[in-house]
Amino acid sequence: MRLVSGIQPSGQLTLGNYLGAIKQFINLQDELKDTEFFIFIADLHSITVPQDKTKLRQNIRSLAAIYLACGLDPKKVNLFVQSEVIEHNQLGYVMETTAYVPELERMTQYKDKKQKQTAGIRTALLTYPALMAADILLYDADIVPVGDDQKQHLELTRDLALRFNAQHGDTFIVPNPYIPKVGGKIMSLTDPTKKMSKSDENPKSVIYLLDDLNAVKNKIKSAVTDSDTTICYDQKNKPGISNLLTIYSLVTDVPIIQIETLYEGKTYQVFKEDLATKVVDYLRPIQERYQALLKSEALDDVLDQGRDNARNIAYKKIQKVYKRLGLNRRK
Ligand code: TYM
(Lines of atoms letter the chains of each structure in order from A and count residues from 1; the text may use other names and numbers.)
(Lines give C-alpha, C1' and ligand atoms only; values in the text may rest on other atoms or scores of the structure.)
Protein backbone atom coordinates (compact mmCIF):
# COMPACT_ATOMS: atom_id res chain seq x y z
CA MET A 1 0.00 0.00 0.00
CA ARG A 2 1.06 3.56 -0.63
CA LEU A 3 -0.17 6.84 0.83
CA VAL A 4 0.44 10.23 -0.79
CA SER A 5 -0.43 13.77 0.25
CA GLY A 6 0.91 17.31 0.00
CA ILE A 7 0.46 20.83 1.30
CA GLN A 8 1.22 24.11 -0.46
CA PRO A 9 3.94 26.29 1.05
CA SER A 10 2.02 29.47 0.35
CA GLY A 11 1.68 31.53 3.49
CA GLN A 12 1.42 30.32 7.04
CA LEU A 13 -0.10 26.95 7.85
CA THR A 14 -3.41 27.04 9.71
CA LEU A 15 -5.01 24.91 12.38
CA GLY A 16 -7.33 23.77 9.55
CA ASN A 17 -4.37 22.38 7.59
CA TYR A 18 -3.20 20.64 10.72
CA LEU A 19 -6.52 19.11 11.79
CA GLY A 20 -7.71 18.30 8.27
CA ALA A 21 -4.44 16.93 6.92
CA ILE A 22 -1.26 16.73 9.04
CA LYS A 23 -2.99 15.14 12.03
CA GLN A 24 -4.27 12.37 9.75
CA PHE A 25 -0.77 11.75 8.40
CA ILE A 26 0.54 11.36 11.95
CA ASN A 27 -2.29 9.05 13.03
CA LEU A 28 -1.99 6.93 9.89
CA GLN A 29 1.78 6.57 10.08
CA ASP A 30 1.24 4.69 13.35
CA GLU A 31 -1.91 2.81 12.31
CA LEU A 32 -0.97 1.59 8.83
CA LYS A 33 1.87 -0.85 9.09
CA ASP A 34 2.59 -2.08 5.57
CA THR A 35 2.22 1.28 3.90
CA GLU A 36 4.82 3.51 2.27
CA PHE A 37 4.25 7.22 2.91
CA PHE A 38 5.05 10.00 0.45
CA ILE A 39 4.36 13.40 1.93
CA PHE A 40 5.52 16.45 0.06
CA ILE A 41 5.71 20.21 -0.05
CA ALA A 42 3.63 21.22 -3.07
CA ASP A 43 5.80 24.15 -4.14
CA LEU A 44 4.93 23.88 -7.85
CA HIS A 45 1.29 24.29 -6.94
CA SER A 46 1.97 27.45 -5.04
CA ILE A 47 3.42 29.26 -8.07
CA THR A 48 0.09 29.05 -9.89
CA VAL A 49 -0.34 32.50 -8.32
CA PRO A 50 2.58 34.97 -8.13
CA GLN A 51 4.89 34.46 -5.12
CA ASP A 52 7.73 36.42 -3.62
CA LYS A 53 10.80 34.22 -4.11
CA THR A 54 12.46 34.97 -0.76
CA LYS A 55 9.24 34.26 1.10
CA LEU A 56 8.57 31.12 -0.92
CA ARG A 57 12.01 29.74 -0.15
CA GLN A 58 11.44 30.40 3.56
CA ASN A 59 7.97 28.89 3.46
CA ILE A 60 9.24 25.68 1.87
CA ARG A 61 11.74 25.17 4.67
CA SER A 62 9.24 26.25 7.26
CA LEU A 63 6.68 23.71 6.05
CA ALA A 64 9.26 20.92 6.20
CA ALA A 65 10.06 21.88 9.80
CA ILE A 66 6.35 22.04 10.65
CA TYR A 67 5.71 18.55 9.29
CA LEU A 68 8.45 17.16 11.51
CA ALA A 69 7.55 19.32 14.52
CA CYS A 70 3.99 17.99 14.32
CA GLY A 71 5.33 14.46 14.59
CA LEU A 72 5.91 13.14 11.09
CA ASP A 73 8.51 10.41 11.47
CA PRO A 74 11.15 10.53 8.71
CA LYS A 75 11.93 6.87 9.34
CA LYS A 76 8.43 5.97 8.23
CA VAL A 77 7.69 8.78 5.82
CA ASN A 78 9.42 9.97 2.67
CA LEU A 79 9.27 13.74 3.01
CA PHE A 80 10.30 15.76 -0.01
CA VAL A 81 9.90 18.92 -2.06
CA GLN A 82 7.72 18.43 -5.15
CA SER A 83 9.87 20.51 -7.53
CA GLU A 84 12.91 18.34 -6.73
CA VAL A 85 11.24 15.32 -8.30
CA ILE A 86 10.92 16.32 -11.95
CA GLU A 87 8.66 13.39 -12.78
CA HIS A 88 5.79 15.36 -11.22
CA ASN A 89 6.06 17.83 -14.09
CA GLN A 90 6.43 15.06 -16.63
CA LEU A 91 3.35 13.19 -15.50
CA GLY A 92 1.54 16.49 -14.92
CA TYR A 93 1.84 17.16 -18.62
CA VAL A 94 0.58 13.68 -19.50
CA MET A 95 -2.40 14.34 -17.24
CA GLU A 96 -3.06 17.57 -19.15
CA THR A 97 -3.25 15.46 -22.27
CA THR A 98 -5.77 13.24 -20.50
CA ALA A 99 -8.04 15.89 -18.92
CA TYR A 100 -10.62 17.90 -20.89
CA VAL A 101 -10.75 21.68 -20.50
CA PRO A 102 -14.39 21.82 -19.26
CA GLU A 103 -13.52 19.24 -16.62
CA LEU A 104 -10.87 21.59 -15.25
CA GLU A 105 -13.09 24.65 -15.58
CA ARG A 106 -15.70 22.95 -13.41
CA MET A 107 -13.40 22.75 -10.37
CA THR A 108 -14.84 24.94 -7.62
CA GLN A 109 -11.41 25.97 -6.31
CA TYR A 110 -10.51 27.25 -9.75
CA LYS A 111 -13.77 29.15 -10.01
CA ASP A 112 -13.26 30.72 -6.55
CA LYS A 113 -9.66 31.70 -7.14
CA LYS A 114 -10.45 33.06 -10.57
CA GLN A 115 -13.08 35.32 -9.09
CA LYS A 116 -10.83 36.62 -6.33
CA GLN A 117 -7.89 37.39 -8.56
CA THR A 118 -7.66 40.83 -10.07
CA ALA A 119 -4.46 40.36 -12.10
CA GLY A 120 -4.29 37.91 -15.03
CA ILE A 121 -5.20 34.30 -14.37
CA ARG A 122 -2.27 32.01 -15.13
CA THR A 123 -2.84 28.90 -17.26
CA ALA A 124 -1.44 26.75 -14.45
CA LEU A 125 -4.29 27.78 -12.16
CA LEU A 126 -6.60 25.97 -14.54
CA THR A 127 -4.33 22.97 -15.13
CA TYR A 128 -3.48 22.65 -11.42
CA PRO A 129 -5.70 19.56 -10.85
CA ALA A 130 -3.83 17.72 -13.64
CA LEU A 131 -0.58 18.25 -11.74
CA MET A 132 -2.28 17.18 -8.53
CA ALA A 133 -3.49 14.00 -10.23
CA ALA A 134 0.10 13.38 -11.33
CA ASP A 135 1.36 13.85 -7.74
CA ILE A 136 -0.88 11.01 -6.67
CA LEU A 137 -0.77 8.62 -9.63
CA LEU A 138 3.02 8.80 -9.92
CA TYR A 139 3.32 6.75 -6.73
CA ASP A 140 0.37 4.42 -7.31
CA ALA A 141 -1.20 5.77 -4.15
CA ASP A 142 -4.04 3.74 -2.68
CA ILE A 143 -4.96 6.34 -0.12
CA VAL A 144 -4.83 10.14 -0.11
CA PRO A 145 -5.61 11.88 3.18
CA VAL A 146 -6.97 15.38 2.56
CA GLY A 147 -9.50 17.87 3.92
CA ASP A 148 -13.00 18.31 2.46
CA ASP A 149 -11.98 21.00 -0.02
CA GLN A 150 -9.79 18.59 -2.01
CA LYS A 151 -12.54 16.04 -2.58
CA GLN A 152 -13.40 17.29 -6.04
CA HIS A 153 -9.75 17.19 -7.14
CA LEU A 154 -9.54 13.61 -5.89
CA GLU A 155 -12.61 12.64 -7.89
CA LEU A 156 -11.01 14.11 -10.98
CA THR A 157 -7.81 12.19 -10.24
CA ARG A 158 -9.81 8.97 -10.14
CA ASP A 159 -11.52 9.83 -13.44
CA LEU A 160 -8.18 10.56 -15.10
CA ALA A 161 -6.66 7.32 -13.84
CA LEU A 162 -9.62 5.31 -15.11
CA ARG A 163 -9.58 7.10 -18.48
CA PHE A 164 -5.86 6.59 -19.00
CA ASN A 165 -6.13 2.93 -18.01
CA ALA A 166 -9.03 2.42 -20.40
CA GLN A 167 -7.18 4.10 -23.30
CA HIS A 168 -3.67 2.76 -22.78
CA GLY A 169 -3.99 -0.36 -20.63
CA ASP A 170 -3.75 -0.79 -16.87
CA THR A 171 -1.18 1.73 -15.68
CA PHE A 172 -2.41 3.51 -12.57
CA ILE A 173 -3.95 2.50 -9.27
CA VAL A 174 -7.23 4.36 -8.76
CA PRO A 175 -6.74 6.18 -5.43
CA ASN A 176 -9.19 6.62 -2.58
CA PRO A 177 -9.58 9.87 -0.67
CA TYR A 178 -9.35 9.66 3.10
CA ILE A 179 -11.29 12.55 4.59
CA PRO A 180 -11.65 12.72 8.37
CA LYS A 181 -15.24 12.47 9.67
CA VAL A 182 -14.48 15.21 12.18
CA GLY A 183 -12.17 18.03 11.14
CA GLY A 184 -12.38 17.74 7.36
CA LYS A 185 -13.49 21.36 7.25
CA ILE A 186 -12.42 23.69 10.05
CA MET A 187 -14.27 26.98 9.74
CA SER A 188 -13.25 30.62 10.04
CA LEU A 189 -13.48 32.05 13.58
CA THR A 190 -15.13 35.26 12.40
CA ASP A 191 -17.49 33.70 9.85
CA PRO A 192 -18.16 30.04 10.69
CA THR A 193 -19.96 29.45 7.41
CA LYS A 194 -16.64 29.93 5.58
CA LYS A 195 -13.60 27.64 5.56
CA MET A 196 -10.59 28.63 7.69
CA SER A 197 -8.14 29.61 4.99
CA LYS A 198 -4.45 30.56 4.81
CA SER A 199 -5.31 33.44 2.54
CA ASP A 200 -8.01 35.02 4.70
CA GLU A 201 -7.46 38.76 4.93
CA ASN A 202 -8.65 38.98 8.52
CA PRO A 203 -6.03 37.40 10.85
CA LYS A 204 -8.73 37.01 13.52
CA SER A 205 -10.46 34.42 11.35
CA VAL A 206 -7.51 32.07 11.35
CA ILE A 207 -5.36 30.29 13.90
CA TYR A 208 -1.91 29.90 12.42
CA LEU A 209 0.22 27.07 13.76
CA LEU A 210 3.04 29.52 14.41
CA ASP A 211 0.83 32.29 15.82
CA ASP A 212 1.85 34.09 18.96
CA LEU A 213 0.13 32.07 21.69
CA ASN A 214 -1.50 35.09 23.32
CA ALA A 215 -2.99 36.00 19.97
CA VAL A 216 -4.36 32.45 19.70
CA LYS A 217 -6.09 32.86 23.06
CA ASN A 218 -7.65 36.15 22.04
CA LYS A 219 -8.80 34.86 18.69
CA ILE A 220 -10.61 31.94 20.32
CA LYS A 221 -12.15 34.13 22.99
CA SER A 222 -13.49 36.51 20.38
CA ALA A 223 -14.66 33.79 17.97
CA VAL A 224 -18.13 34.44 16.56
CA THR A 225 -20.86 32.31 18.16
CA ASP A 226 -24.63 32.63 18.31
CA SER A 227 -26.89 34.38 20.83
CA ASP A 228 -28.14 31.11 22.29
CA THR A 229 -26.50 29.77 25.48
CA THR A 230 -26.38 25.98 25.14
CA ILE A 231 -23.15 24.33 24.12
CA CYS A 232 -24.23 21.69 21.66
CA TYR A 233 -23.21 20.54 18.21
CA ASP A 234 -25.61 21.76 15.52
CA GLN A 235 -23.74 22.48 12.31
CA LYS A 236 -26.69 24.11 10.61
CA ASN A 237 -28.08 26.38 13.30
CA LYS A 238 -25.00 26.86 15.49
CA PRO A 239 -22.02 26.75 13.12
CA GLY A 240 -19.74 28.83 15.39
CA ILE A 241 -20.06 26.72 18.51
CA SER A 242 -20.03 23.52 16.41
CA ASN A 243 -16.69 24.55 14.90
CA LEU A 244 -15.25 25.24 18.35
CA LEU A 245 -16.54 21.88 19.62
CA THR A 246 -14.84 20.20 16.67
CA ILE A 247 -11.54 21.89 17.47
CA TYR A 248 -11.89 21.05 21.17
CA SER A 249 -12.56 17.41 20.37
CA LEU A 250 -9.59 17.10 18.01
CA VAL A 251 -7.03 18.70 20.30
CA THR A 252 -8.14 16.73 23.36
CA ASP A 253 -9.24 13.46 21.71
CA VAL A 254 -12.51 13.64 23.65
CA PRO A 255 -15.67 12.87 21.61
CA ILE A 256 -17.96 15.88 21.03
CA ILE A 257 -20.85 14.24 22.86
CA GLN A 258 -18.78 14.02 26.06
CA ILE A 259 -17.69 17.64 25.77
CA GLU A 260 -21.35 18.68 25.53
CA THR A 261 -22.07 16.89 28.79
CA LEU A 262 -19.01 18.40 30.43
CA TYR A 263 -20.20 21.92 29.62
CA GLU A 264 -23.89 21.48 30.38
CA GLY A 265 -25.14 24.64 32.10
CA LYS A 266 -21.82 26.45 31.56
CA THR A 267 -21.40 29.65 29.59
CA TYR A 268 -19.84 30.16 26.17
CA GLN A 269 -17.22 32.29 27.89
CA VAL A 270 -16.07 29.46 30.18
CA PHE A 271 -16.04 27.05 27.26
CA LYS A 272 -14.01 29.41 25.08
CA GLU A 273 -11.50 30.10 27.85
CA ASP A 274 -10.97 26.38 28.41
CA LEU A 275 -10.64 25.79 24.69
CA ALA A 276 -8.12 28.63 24.38
CA THR A 277 -5.96 27.01 27.07
CA LYS A 278 -6.21 23.57 25.42
CA VAL A 279 -5.24 24.87 21.98
CA VAL A 280 -2.33 26.89 23.37
CA ASP A 281 -1.06 23.89 25.36
CA TYR A 282 -1.33 21.83 22.18
CA LEU A 283 0.54 24.29 19.98
CA ARG A 284 3.31 25.22 22.43
CA PRO A 285 5.41 22.02 22.09
CA ILE A 286 4.92 22.02 18.31
CA GLN A 287 6.25 25.59 18.13
CA GLU A 288 9.22 24.73 20.36
CA ARG A 289 10.19 21.74 18.24
CA TYR A 290 9.69 23.83 15.10
CA GLN A 291 12.19 26.47 16.22
CA ALA A 292 14.82 23.84 16.93
CA LEU A 293 14.25 22.01 13.64
CA LEU A 294 14.33 25.07 11.44
CA LYS A 295 17.98 25.66 12.24
CA SER A 296 19.09 22.03 12.03
CA GLU A 297 20.98 20.38 9.20
CA ALA A 298 18.96 17.25 9.84
CA LEU A 299 16.09 18.91 8.02
CA ASP A 300 18.04 18.95 4.74
CA ASP A 301 19.16 15.37 5.22
CA VAL A 302 15.55 14.27 5.61
CA LEU A 303 14.49 16.17 2.48
CA ASP A 304 17.44 14.81 0.44
CA GLN A 305 16.69 11.25 1.43
CA GLY A 306 12.97 11.70 0.79
CA ARG A 307 13.68 13.11 -2.67
CA ASP A 308 15.98 10.21 -3.58
CA ASN A 309 13.47 7.61 -2.46
CA ALA A 310 10.62 9.35 -4.26
CA ARG A 311 12.64 9.68 -7.49
CA ASN A 312 13.45 5.98 -7.53
CA ILE A 313 9.78 5.17 -7.78
CA ALA A 314 8.75 8.15 -9.88
CA TYR A 315 11.41 7.50 -12.52
CA LYS A 316 10.25 3.93 -13.09
CA LYS A 317 6.64 5.02 -13.28
CA ILE A 318 7.20 7.72 -15.86
CA GLN A 319 9.17 5.28 -18.04
CA LYS A 320 6.19 2.94 -17.95
CA VAL A 321 3.76 5.76 -18.80
CA TYR A 322 5.91 7.02 -21.69
CA LYS A 323 6.12 3.49 -23.05
CA ARG A 324 2.34 3.17 -22.95
CA LEU A 325 2.12 6.35 -25.02
CA GLY A 326 4.77 5.36 -27.57
CA LEU A 327 7.27 7.90 -26.24
CA ASN A 328 10.07 5.34 -26.11
CA ARG A 329 12.40 5.39 -29.10
CA ARG A 330 14.16 2.17 -28.14
CA LYS A 331 11.71 -0.50 -27.00
P1 TYM B 1 -3.69 23.07 0.69
O2 TYM B 1 -2.25 23.43 0.77
O3 TYM B 1 -4.67 24.15 0.37
O4 TYM B 1 -4.15 22.41 2.03
C5 TYM B 1 -3.42 21.33 2.60
C6 TYM B 1 -4.37 20.36 3.26
O7 TYM B 1 -5.11 21.01 4.30
C8 TYM B 1 -6.50 20.78 4.12
N9 TYM B 1 -7.24 21.95 4.62
C10 TYM B 1 -8.20 21.90 5.56
N11 TYM B 1 -8.71 20.88 6.26
C12 TYM B 1 -9.67 21.16 7.16
N13 TYM B 1 -10.15 22.41 7.39
C14 TYM B 1 -9.66 23.48 6.70
N15 TYM B 1 -10.12 24.70 6.95
C16 TYM B 1 -8.63 23.24 5.74
N17 TYM B 1 -7.92 24.04 4.90
C18 TYM B 1 -7.08 23.23 4.22
C19 TYM B 1 -6.66 20.58 2.63
O20 TYM B 1 -7.85 19.90 2.31
C21 TYM B 1 -5.42 19.79 2.29
O22 TYM B 1 -5.59 18.41 2.56
N23 TYM B 1 -3.97 20.90 -3.80
C24 TYM B 1 -3.62 20.69 -2.41
C25 TYM B 1 -2.17 20.22 -2.24
C26 TYM B 1 -1.83 19.04 -3.04
C27 TYM B 1 -2.17 17.69 -2.77
C28 TYM B 1 -1.59 16.93 -3.83
C29 TYM B 1 -2.87 17.04 -1.75
C30 TYM B 1 -1.11 19.07 -4.19
N31 TYM B 1 -0.97 17.79 -4.65
C32 TYM B 1 -1.72 15.53 -3.89
C33 TYM B 1 -2.99 15.66 -1.82
C34 TYM B 1 -2.42 14.92 -2.87
C35 TYM B 1 -3.78 21.99 -1.67
O36 TYM B 1 -3.75 23.05 -2.23
O37 TYM B 1 -3.88 21.85 -0.31
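In case you wondered, yes, glycine gets a Cβ from its N, Cα and C as well.
Taken verbatim from TrEMBL:
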BINDING   Q8, P9, S10, G16, N17, G147, D148, D149, I186, K195, M196, S197, K198, S199  ATP binding site
MOTIF     9-17  motif ''HIGH' region'
BINDING   D135  L-tryptophan binding site
MOTIF     195-199  motif ''KMSKS' region'
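Comparing I186 (ATP binding site) with D135 (L-tryptophan binding site), their Cα atoms are 25 Å apart once rounded. There are 23 other Cβ atoms within 10 Å of the Cβ belonging to N17 (ATP binding site).
Residue pair S10 (ATP binding site) / D135 (L-tryptophan binding site) shows a Cα separation of 18 Å.
Distance noted between the C-alpha atoms of M196 (ATP binding site) and D135 (L-tryptophan binding site) is 24 Å. Between the CA atoms of the residue listed as 'L-tryptophan binding site' and Q8 (ATP binding site) there is a gap of 13 Å. Taking each of the binding-site residues D135, D148 in turn and counting other Cβ atoms within 10 Å of its Cβ gives the largest count for D135.
Taken through DSSP, the motif ''KMSKS' region' (195-199) splits into 0 helix, 1 strand, 4 coil. S10 (ATP binding site) falls within neither a helix nor a strand when secondary structure is assigned with DSSP, and so counts as coil. Summarising the ATP site geometry, the residues cited as binding it (Q8, P9, S10, G16, N17, G147, D148, D149, I186, K195, M196, S197, K198, S199) extend over a maximum Cα to Cα distance of 19 Å. DSSP classifies I186 (ATP binding site) as coil under the three-state reduction.
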